[in-house]
Amino acid sequence: MSTAVDLAPVPAAAVRRPRRRVPGWVKLFAGGAALWLATVLTTFATGNPNLVPTVILLGSFLVPVTFVVYAFGRADHVLTAERIFTAFVCGGVLGVLGASVLEAALLRTTSLSGFVGVGLIEEAVKLAALWFLARNLPRYTVRDGMVLGAAVGFGFAALESAGYAFTALFTRNGVSLVNVVDTELLRGALAPVGHGLWTAVLGGALFATAARSRRGRPRLLRSVVGWYLLVALLHAIWDAASGVAAWVTLLLTGTSTQWELTRMGEASGTTSGQLHLYTALTWGLEMYVALVGILVVWARWRTAPTPVRWPAADAPTAVR
């Protein structure tokens, strides 16, 4: 005996669509930005100098930490949160300390060669820190290398930004919170296309060598050296953008008086047209470096081989 059951159609309005979850990195950035803005406004309103370190730290670390969280969510599930945190903190500190010591010992000029030296030194120090922190991983993939490299680079960027913000606090007329806010807004906007991007490229190149190693460990092959020279060049162009823009502006629009004052080492007045040209050239060079870095990271990420994910030993197996 069988019975038929008539099922009434479910109205479309009664079907609940799953709500789209807001990514964790978006919540982190929104919450951190709100806290930073509240701290800035409170500091302006009360004039309490004890809040200045909070303004500097929140503003300097917000964007780097957000991008590290975003990158960690796209890793190949080999890197742990503990290793990422260690790379961000220790890699950043080791990078800043190593770069400061080497630059003080080896560089004595702010000329074009000095900018090249800064790029070579800072990228080499970050690469060394990355190599040290990448020991004893169970396996190495290009994407994990890029994520771990980004953590080291963004740690470096956060500490460097904090230093710039602290320096901007002091002026001839005393302390200036406006300078701190301006510095942090500019550094925060540029942080995603700077150190984190460059070290991500190095991390991907370093981890890619593990596939060609007998022991499956990263090695310093010619490919890594080539990528290192590329990111060091991008770094140097980024740092020298302001000086190159000033020189090109003077070359194209400079008067005989301005050239003479420049040869004497004295400051020469600028016209509004020269100032606009200088600003456009500076931003143009920095945008060029940013675009090259983004395209390189995008291409490396898209072409990176996807590792086979084997089920865990205790994972249930579907029975057919």
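Even glycines carry a Cβ here, placed using N, Cα and C.
According to TrEMBL, the protein has these features:
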- 25-45: transmembrane segment (TRANSMEM)
- 51-72: transmembrane segment (TRANSMEM)
- 84-106: transmembrane segment (TRANSMEM)
- 112-134: transmembrane segment (TRANSMEM)
- 146-169: transmembrane segment (TRANSMEM)
- 189-208: transmembrane segment (TRANSMEM)
- 220-238: transmembrane segment (TRANSMEM)
- 281-301: transmembrane segment (TRANSMEM)
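Among the recorded stretches 25-45, 51-72, 112-134, 146-169, 189-208, the one sharing the largest number of Cβ pairs closer than 8 Å with the transmembrane segment (220-238) is 112-134. Here the transmembrane segment (84-106) has long-range neighbours at 64-65, 68, 72, 117-118, 121-122, 125-126, 128-130, 132-133, 147-148, 151-152, 154-160, 163, meaning same-chain residues at least 6 beyond its ends whose C-beta is under 8 angstroms from one of its own. Contact between the transmembrane segment (146-169) and the transmembrane segment (51-72) is present: at least three CB pairs lie under 8 Å, with pairs separated by 6 or more positions in sequence.
When Cβ distances are compared across the two stretches, the transmembrane segment (51-72) makes contact with the transmembrane segment (189-208), since 3 or more pairs at least 6 residues apart fall below 8 angstroms. Against the transmembrane segment (112-134), stretch 189-208 shows more Cβ pairs under 8 Å than any other of 25-45, 189-208, 281-301.
Cβ atoms under 8 Å from those of the transmembrane segment (189-208) belong to residues 63-64, 67-68, 71, 122-123, 126-127, 130-131, 134, 140-150, 152-154, 156-158, 160-161, 218, 223-224, 226-228, 230-231, 234-235, 238, 286, 289-290, 293-294, 296-297, 300-301, 304 of the same chain, restricted to positions at least 6 beyond its ends.
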